[in-house]
Amino acid sequence: MTYVVGVTGGIGSGKSAATAEFEKLGITIVDADVVARQVVMPGTPCLQAIAEHFGNQLLTEGGELNRKALRQRVFSNPQEKEWLNKLLHPAIREEIISQLEQADSPYVILSAPLLLENGLEKYCQRVLVIDAPESLQISRTIQRDDSPKKEVEAIMKAQLSRSERLKKANDVLNNDGSLEQLEQQVLQLHQRYLAATVAQEK
Ligand SMILES: CC(C)(COP(=O)(O)OP(=O)(O)OC[C@H]1O[C@@H](n2cnc3c(N)ncnc32)[C@H](O)[C@@H]1O)[C@@H](O)C(=O)NCCC(=O)NCCS
Ligand SMILES: Nc1ncnc2c1ncn2[C@@H]1O[C@H](COP(=O)(O)OP(=O)(O)OP(=O)(O)O)[C@@H](O)[C@H]1O
């Protein structure tokens, strides 16, 4: 059985920064944010459903999803967010399972912002939480996406609180320091996960 490490954390906590380091070590990453983009590519049933529900103004001229427009719509309206989650989460889950089955590194990482919210931890042997103070999550996201503080806060409200998430962690990576410190912690965790994989095979 593939040893799966679930990686989660709130918006801007550093999941992508951490998984990029695991990837450099040869570990396959299944990333729910990437899958969430794949299931709404032009021609998919999910994109068609979104266009029918919200109207064609949610599409770009090239027929792709206008992500920024949808982001503004759903995070200012809980019912619309609920509708979108109901449409996308089953499709995302199905594609995640298929990618996990195809993965072939010593262990595999499943990175998902909503890992715990959506019960995806049942596919994981361990849960690693990437943790940063909320103020840092906000400032890093604003800098990365150039999005308004209010929108980032609305997204955080749609996710587990920092303390609830930490309660469910098997491992925690403290990402309140430099990127070098993050890299060091990834190296240590990698050694631990490799050892756990070997132990599982015995
Ligand atoms: C609303 C969308 C189009 C906005 O796209 P955009 O490119 O601006 O953001 P991106 O997809 O990179 O998400 C950024 C971050 O927002 C947070 N987030 C995204 N969707 C959700 C959600 N439904 N609930 C809570 N937080 C979310 C996550 O922390 C994520 O990492 C997009 O986030 C989306 O399709 N969301 C629904 C699918 C989903 O739940 N994705 C999360 C992975 S399961
Ligand atoms: N230790 C750090 N020091 C400085 N910048 C950092 C650090 N960790 C992450 N960042 C930066 O903060 C931003 C958010 O990090 P990242 O994109 O990895 O978060 P994420 O958890 O994947 O976010 P999301 O849930 O939105 O996908 C990025 O621009 C990243 O380069």
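Using the three backbone atoms N, Cα and C, a Cβ is placed for every residue, glycine included.
Caution: TrEMBL annotation is automatic and unverified by curators.
According to TrEMBL, the ATP binding site annotation covers Gly12, Ser13, Gly14, Lys15, Ser16, Ala17. Long-range neighbours of Lys15 (ATP binding site) (same chain, six or more residues apart, CB within less than 8 Å of its CB): Val7, Thr8, Gly9, Ser111, Pro113, Ile130.
Fewest other C-beta atoms within 10 Å: among the binding-site residues Gly12, Gly14, that description fits Gly14. In this structure, the binding-site residues under consideration are Ser13, Ser16, and the one with the smallest number of other Cβ atoms within 10 Å of its Cβ is Ser16.
In sequence order, Gly9, Ala18, Ile130, Ala132, Arg140, Asn175 are the same-chain residues whose CB sits within 8 A of the CB centroid of Gly12, Ser13, Gly14, Lys15, Ser16, Ala17, the residues recorded for ATP being left out.
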